[in-house]
Amino acid sequence: MRPCRSLRTAALAVVLTVLLHPVALGRATPGESEQNYLWQRRYECYASNGTQRLLDRCAYNREEFVRFDSDIGEFRAVSELGRQVAESWNLEYLQQARAEVDRVCRHNYELFQGLPVLLQTQPRVSVSPSKKGPLQHHSLLVCHVTDFYPGHVQVRWFLNGREETAGVVSTHPIHNGDWTFQILVMLEMTPHQGDVYTCHVEHPSLDSPITVEWKAQSDSARSKMLAGVGGLVLGLVSLAVGVFMHRRSKKAQQGCR
């Protein structure tokens, strides 16, 4: 099984997680009762202020049972299942585990530090009201920024070109489950006809900011716009059908000559 590596950032620390043999599925040996099991081993590296800390964590059926912490310097049981394992590994593998700080953590940290561009993912941005309602009624406008890495992002709201700072509520960056993040930034508003709200997003992966607009429209104006779009589409379809029939008729006439 190939190693799987991922780089994460956290407040005041860069966390490098290296999954070695992340999932091992097995079955009981012949003669024993048939039962599947899950074995996991994960190396976590924390880099802060020039120091490296290694956590070597082992889990059986998703429950951690033994752990090596380089700050402590030995394997320790996390559950009853890990007591004998910790004693055995401290006798057999302790020096090797202590050496992993340099082999796994420091080496991979320096490797990824040299590839900052590869560790940047551009965000996707969408804007929508929290609920539909008439104009001049209090509401929330939500700017959803997702799939970005690293986790630092700046999101600002503008109304008709002027920045809005009052009534802005934001979540903290949320992990998506891979190495990317998402964030919700909400603006309290009372929209009027013609108002233009703009979500302005700045991120290290972007050469220039992303801006997404939301225009306040009454239901009647929105209906007229949709009717206009529908009429335009219908007209284009009719034109295409007419051109097709004309060409078909022309070919038929040429074939009769």
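One is the number of the first residue shown, and numbering goes on along the chain from there.
Quick reminder: no glycine exception, Cβ is built from N, Cα and C everywhere.
Predicted, not measured: the structure shown is a model, and the values here were computed from it.
Swiss-Prot records a disulfide bond between C105 and C45, which is the match among C45, C58, C143. From the options 215-224, 245-254, the stretch Swiss-Prot describes as region 'Connecting peptide' is 215-224. A straight line from the CA of C199 (disulfide bond) to the CA of N49 (N-linked glycosylation site) spans 35 Å. Reported as a whole number, the C-alpha separation between C105 (disulfide bond) and N49 (N-linked glycosylation site) equals 14 Å. In the three-state DSSP assignment, the secondary structure recorded for C199 (disulfide bond) is strand.
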